[in-house]
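Below: the structure, in structure tokens.
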Amino acid sequence: MDLSELDRDSTGRCRLNSPVPAVCRKEPCILGVDEAGRGPVLGPMVYAICYCPLSRLADLEALKVADSKTLSESERDRLFVKMQEDGDFVGWALDVLSPNLISTSMLGRVKYNLNSLSHDTATGLVQFALDQGVKVAQVFVDTVGLPDTYQERLQQRFPGIEVTVKAKADALYPVVSAASICAKVARDQAVKNWHFVEKLQGLDADYGSGYPNDPKTKAWLRKHVEPVFGFPQFVRFSWRTAQSILEKEAEGVMWEDSLTGDQEGPGRITSYFSEGARVRPRLPHRYFQERGLESATTL
């Protein structure tokens, strides 16, 4: 799996896909959606789809695909290679979302939470398959959030397709199991071969599972937090675990106040009705205050 695009720019997202089997453009297909790496504080989140003709679903089941969490790394790698070898009827595509993209989305001025990001990524992959000419007839999705709400949303988006959203779909439907294997193989490879642009001194590659409650992961975060610049891009700094370590280990930052020393902030609201109300300077709009912008009196 070629993740060189992620190596070149680990701040955004990248999409990979197999060639579309010719039969998938001719016959009605079943498509599964799943993700890997939603919960960890380290590394990317990967969404994947896998699809095949309904007439070949038994052949996909014969590969003995299963929920990727129940398989060893070597078993997942073997099954992914097998799916590639069966490229005459199995196709896949995936989106790799970097830690930086996830965190900046969640902490931006306009909040974009992880559920919305997940829903939109899954929707985008289904649309990608359709745009590639895949005759998608049925879609099965491992849920994020409430299954009924998610299913209704997808059904409205794709009215001509039969959509099923279930909890633990990766253990119920082989096509979702296949998608989970694609996603997990890609995430494992991205984490194992992560390119640290920060040139960390004494980099420790043993960071445990990457989940917030893992003592090894917490120790790695404490070791590699930079007092001024924070964490490397490998870390989802929007996670509470990372924020707590920043608060304890990093230097505090004092931002310049937009009010000058001889200006007073707004007083009590009742002061506006008292005699001899003070003349108050008019503060700039919040947009200018947040960006530290001031009026230029001379050029």
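Along the chain as shown, residues are numbered 1 onward.
Note: Cβ is positioned from N, Cα and C throughout, glycine not excepted.
Note: TrEMBL annotation is automatic and uncurated.
Annotated features in TrEMBL:
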type	residues	note
DOMAIN	28-251	domain 'RNase H type-2'
BINDING	Asp34, Glu35, Asp142	divalent metal cation binding site
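For the divalent metal cation site, the Cβ centre of Asp34, Glu35, Asp142 serves as reference, and the other residues of the chain with Cβ at most 8 Å from it are Val33, Ala36, Tyr47, Ala48, Ala122, Val141, Val144, Ala169, Asp170, Val176, Ala179, Ser180, Ala183. Residues belonging to the domain 'RNase H type-2' (28-251) score a mean pLDDT of 93 in the model. Cβ-based neighbour count (10 Å, all protein chains) for Glu35 (divalent metal cation binding site) stands at 24. Cβ-based neighbour count (10 Å, all protein chains) for Asp142 (divalent metal cation binding site) stands at 26.
Every protein chain shown contributes to the tally, and the Cβ of Asp34 (divalent metal cation binding site) ends up with 28 other Cβ atoms within 10 Å.
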